[in-house]
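Per Swiss-Prot, these features apply:
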- Gly123, Ser141, Pro143, Tyr176, Tyr177: phosphocholine binding site (BINDING)
- 23-32: region 'Plays an important role in the hemolytic activity' (REGION)
- 49-67: region 'N-terminal region' (REGION)
- 141-156: region 'Trp-rich region, which is important for the binding to lipid membrane' (REGION)
- 1-23: signal peptide (SIGNAL)
- Tyr149: site 'Important in the initial contact with the lipid membrane' (SITE)
Amino acid sequence: MKRNILALVVVVALISQSRPAESAGGTIIATLSKIPLSTLASALNTALETGASVASAAAAATSSDYSVTCVIEVENWTKHLMKYPVVQIANSGGLLTVAKNVLPAEIQSFAMRKAWGANGVYGTVSWVLGQTNRRVVIMWSAPYNFDFYSNWLAVGMSRPGLAVPSSRSTWFDLMYYGNSNADISFVRGEYYHSVDPIYFKNSEWEIEGSMNNIHKARVRATVKPIKTMDLASSILTKLEALAGANGKRAIQQELARRAEEEKQRKRKALDEMLK
């Protein structure tokens, strides 16, 4: 149910954010805007592949003897691979499972736990987004004591050209205590009474994040493009089945372009191996 709601949010965002003036993208959006949102959401959900890490992270957190755990689940709706994950736990907590690359149209998770004693677990995790040379960054804080502290979440991106994380707690300190700067832009939310999602957006990408307000914390983040043509290929394929003639043609052209690009990449890699 929650994932259906999320898909509806994504569909509405794509339709509202894309400009009709865009030739190919505008043609697709004009077609999709006439289709019931529930139909679009169902199609988009079937395009997502759930990685094995989702079940293993949930199981690890559930079976853990530690009173504070945190599972972070990431959905990648873009055409880019989310790669080179870096988890930086800013206190003495530890990993229960490891963060993985997230393929286009894929869901992956990992889990963490608190250290011994009256401690929670907090830090950042980030991935390089394809060839954009920048990182998607998530900050979380799952405290031990709810009398004085709350769960907190921030989502954002590093600037283009900044693809290497700072030291262990630098990004956490900025995203928990501070504000966006020249290196990282983000939004932050407190999860004590409210569990409403937060939204980060720039000219190319949007990240939606949400967190619960219990000690078995769970973070969900969805990375999605502003432009329809930056959606993952499997999502575009699902949309192709729903689009009108002009929309189908635009999607088919984009998918063909990507297929040719991938063929050229493989050919180049083979040539390099044979040298």
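Every residue gets a Cβ built from N, Cα and C, even glycine.
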| said: In the three-state scheme derived from DSSP, which category covers Gly123 (phosphocholine binding site)? | reply: strand
| Helix, strand and coil totals (DSSP H, G, I; E, B; other) for the region 'Trp-rich region, which is important for the binding to lipid membrane' (141-156) | 0 helix, 8 strand, 8 coil
| request: Work out how many Å separate Gly123 (phosphocholine binding site) and Tyr149 (site 'Important in the initial contact with the lipid membrane') at their Cα atoms, rounded off. | output: 15
| query | For the binding-site residues Gly123, Pro143, which one has its C-beta crowded by the most other C-beta atoms within 10 angstroms? | reply | Gly123
| In Å, rounded, how far does the Cα of Tyr149 (site 'Important in the initial contact with the lipid membrane') sit from the Cα of Tyr177 (phosphocholine binding site)? | 13
| task | Go through Tyr149, Tyr176, Tyr177, our recorded positions, and report the one whose Cβ sees the most other Cβ atoms within 10 Å. | result | Tyr176
| note | Secondary structure split (DSSP) over the region 'N-terminal region' (49-67) reads 12 helix, 2 strand, 5 coil
| Maximum Cα-Cα separation in Å among residues Gly123, Ser141, Pro143, Tyr176, Tyr177, which the record lists as binding phosphocholine | 15
| said: Can you give me the same-chain residues 6 or more apart in sequence from Ser141 (phosphocholine binding site) with a CB-CB distance under 8 Å? | reply: Gly120, Tyr122, Tyr149, Asn151, Trp152, Leu153, Tyr176
| task | Could you find out if DSSP has Tyr176 (phosphocholine binding site) as helix, strand or coil? | result | helix
| Gly123, Ser141, Pro143, Tyr176, Tyr177 excluded, remaining Cβ within 8 Å of their centroid (phosphocholine) | Ala90, Tyr122, Met139, Trp140, Trp152, Phe172, Met175
